[in-house]
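Chemist: So that we are looking at the same thing, I have put the structure below in structure tokens.
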There are 2 protein chains.
Amino acid sequence: MMMQSFQPPRRVLMGPGPSDVGPRVLQAMARPTIGHLDPEFQALMEEIKSALQRLFNAPDHACVPLPAPGTAGMEAAIMNLLEPGDRAVIAVNGAFGGRMADMADRAGATVVTVEHDWGQPVDPARVEAALAEAPTKVLAFVHAETSTGVRSDAATLCGIARKHRALSIVDCVTSLGGIPVDAAAWDADVVYSGTQKCLSAPPGLSPIALSTRAQAAIAGRKEKVRNWLFDFNLLMGYWGGEGGRTYHHTAPINALYGLHEALVVLFEEGQQAAVVRHARAHEALVAGLEATGLRMLVDEAHRLPQLNTVLVPDGIDEAAVRAHVLKTWDLEVGAGLGPLKGKVWRIGLMGASATPWHVRLCLTALCEALAAQGFDADAKAALAAADRRLAA
Amino acid sequence: MMMQSFQPPRRVLMGPGPSDVGPRVLQAMARPTIGHLDPEFQALMEEIKSALQRLFNAPDHACVPLPAPGTAGMEAAIMNLLEPGDRAVIAVNGAFGGRMADMADRAGATVVTVEHDWGQPVDPARVEAALAEAPTKVLAFVHAETSTGVRSDAATLCGIARKHRALSIVDCVTSLGGIPVDAAAWDADVVYSGTQKCLSAPPGLSPIALSTRAQAAIAGRKEKVRNWLFDFNLLMGYWGGEGGRTYHHTAPINALYGLHEALVVLFEEGQQAAVVRHARAHEALVAGLEATGLRMLVDEAHRLPQLNTVLVPDGIDEAAVRAHVLKTWDLEVGAGLGPLKGKVWRIGLMGASATPWHVRLCLTALCEALAAQGFDADAKAALAAADRRLAA
């Protein structure tokens with residue numbers, strides 16, 4: 001077998017992540033690798049920690065990028081805060097809430113799930129009822145459910161956790177950079193994210209922020225954390241910065257170059273400006289989709305701009321539509337997960353993929369693919385509707 | 001705070017890893033990110049799996065690259081094979097054996113360590129005595145101890161595990177690509193490595209291979225694996241390849257481009273040729289070091305060519321030597337860990353850093369730094385001795 005160098009095809013990434021990665025971030029990935037204990041790398045680590053505090057608005061949290069994809073943030077949060085004997089209330093309104101519950105079970109906790117229909121936001125009243133039943137260590141929920149395109153009310157839910165003396169864990173994998181994430185205003189205990197969504201860096205890192213309450217809870221555990229790589233008692237000796245670092249793992253140097261550059265790019269634009277850009281692209285996309293007769297899964301009040309779940313019309317082969325746009329337009333859109341499999345497309349407008357160009361390409365490609373299956377899709381009307389929103 | 005793009009300094013990486021990353025691998029890291037469920041990425045995943053089977057000589061093992069640094073391989077191996085009630089025998093002859101024991105404790109296993117002085121290889125007789133005491137699920141050891149520069153006899157140790165019906169876990173983080181690793185000949189159950197040592201890709205991935213026995217043991221567990229991200233029952237649905245993939249995590253796309261290119265480069269050279277190159281560089285380095293009056297920690301019979309532990313002469317400030325070569329030669333060499341802190345330097349000759357150029361630069365820089373502290377280091381004699389070995 002002769003192996004050849006891999007040359008990826010051209011793609012336009014409008015699925016649930018990764019999103020398009022811009023040339024500055026790609027170039028940063030290719031800079032020469034240096035040692036993870038090098039003084040200049042340690043300065044970079046400090047700069048990334050500060051930048052993550054700014055990104056999460058978490059000036060009093062300890063912030064680090066975990067050396068693995070977004071799921072690492074979830075696993076680190078759950079495994080560090082929970083141990084046998086602890087009660088956890090976990091809101092489940094999609095695939096990722098369910099994953100949190102599985103992890104909490106592995107941590108040895110007593111897990112109480114508050115189940116919702118997929119496509120609905122987390123219901124604060126039902127969560128509060130579950131917290132009121134018994135003393136609870138952790139309330140965990142997903143801010144932006146990537147599987148459904150739903151936004152939940154993080155400020156209210158974190159407030160309920162505080163009221164009941166539970167620590168809050170907020171999954172911000174898909175929200176961070178696309179809608180406001182504000183750990184300080186929410187008074188959240190652990191928030192985490194991934195690099196491959198609205199930050200538009202390659203997948204592989206999981207930024208996480210821990211409040212002083214969360215840090216104290218971890219320091220006061222009875223048992224060791226069941227993970228070693230994500231054990232904050234060890235990790236903070238490596239990333240902590242006070243009085244020299246303790247070797248723990250080898251940081252993924254080049255991935256951190258990429259994250260750093262993505263943050264430079266984001267701060268140049270401004271976080272608020274990026275949020276506005278996501279919102280505008282979303283409004284234009286929805287206007288275009290609705291103009292051609294398509295409908296959204298989620299009520300307008302709870303829609304995520306960066307993750308749009310579009311109902312597959314009756315009689316349409318949803319996989320054939322995705323195959324068509326991939327083949328003829330190099331365009332990736334996402335499929336439904338779990339109970340939404342075959343019923344929705346997931347269209348991402350994340351980071352560098354949240355532009356008018358992406359909206360127009362996607363509408364053009366989708367209408368073409370739908371028309372090929374006999375659906376009366378009017379690309380001209382869709383683009384005109386999107387353009388009107390973009391011009392407004 | 002204005003964040004600027006990060007431009008790493010020039011460095012020559014001769015520490016315990018990362019090693020120098022060549023331009024082909026760096027360029028691969030910067031190729032456009034595509035989706036992890038893209039058909040072309042799935043073809044790349046298949047190619048990487050086959051390449052890892054070739055790399056480990058593990059044609060009947062399941063091979064995948066875990067999405068985190070080398071420690072992930074260790075954690076995955078320990079956490080998947082061990083559960084409460086299991087007995088594990090772990091050979092400890094350096095920092096990484098000790099880490100394995102910590103992880104096995106977190107897995108809930110009964111841990112029996114076989115302790116050795118740092119700088120000694122694992123003693124098969126003492127390991128066998130520990131296995132003979134009681135039924136044992138796992139024997140774990142480190143093939144190439146990065147903290148000491150010692151090679152242990154993997155074939156013999158794996159044979160002892162088989163004889164006592166224990167599964168073997170072999171840490172090959174530093175060995176793979178620098179000395180022969182042969183999972184089939186050893187009949188090893190789990191072997192794992194990292195990308196940032198003799199493969200000369202950036203840190204961030206951990207290739208791992210599991211025998212059919214190991215897979216059966218994982219499938220037959222009583223309790224869930226205590227890790228979610230590294231649970232092979234879930235991971236193999238993502239990497240398994242039969243009949244469509246199940247979403248698990250988002251693979252670190254660009255890091256996998258880098259690993260793939262590093263494997264293309266290695267196979268072009270030939271694995272055996274790379275082993276010979278490491279051996280020749282090592283012999284030249286040792287000849288040069290000894291010519292200037294320095295001594296190695298490890299007996300010649302057990303030395304790793306890719307990780308050279310050099311004793312710090314009496315009266316020399318070892319940290320000042322490292323600071324000198326970093327400042328004046330942009331050269332990184334490693335410090336001692338644990339009981340060897342302050343007593344040795346660790347000089348890596350790994351992957352792209354295992355060349356005559358690196359040997360000559362390192363000898364030149366070290367002699368200069370030693371001379372600055374009044375040690376009678378003769379760079380000319382060191383280089384002449386190294387050159388004689390290189391010419392032989």
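Note that Cβ sites are derived from N, Cα and C of the backbone, with glycine treated the same way.
Per TrEMBL, domain 'Aminotransferase class V' is recorded for B:33-336. Feature annotation from TrEMBL assigns N6-(pyridoxal phosphate)lysine to B:K197. Per TrEMBL, substrate binding site is recorded for B:R346.
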Chemist: Among the recorded positions B:K197, B:R346, which residue has the fewest other Cβ atoms within 10 Å of its own Cβ?
Modeler: B:R346
Chemist: Over the domain 'Aminotransferase class V' (B:33-336), what is the model's average pLDDT?
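Modeler: Residues in the domain 'Aminotransferase class V' (B:33-336) carry a mean pLDDT of 97 in this prediction.
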Chemist: Determine, to the nearest whole angstrom, how far the Cα atom of the residue listed as 'substrate binding site' is from the Cα atom of B:K197 (N6-(pyridoxal phosphate)lysine).
Modeler: 13
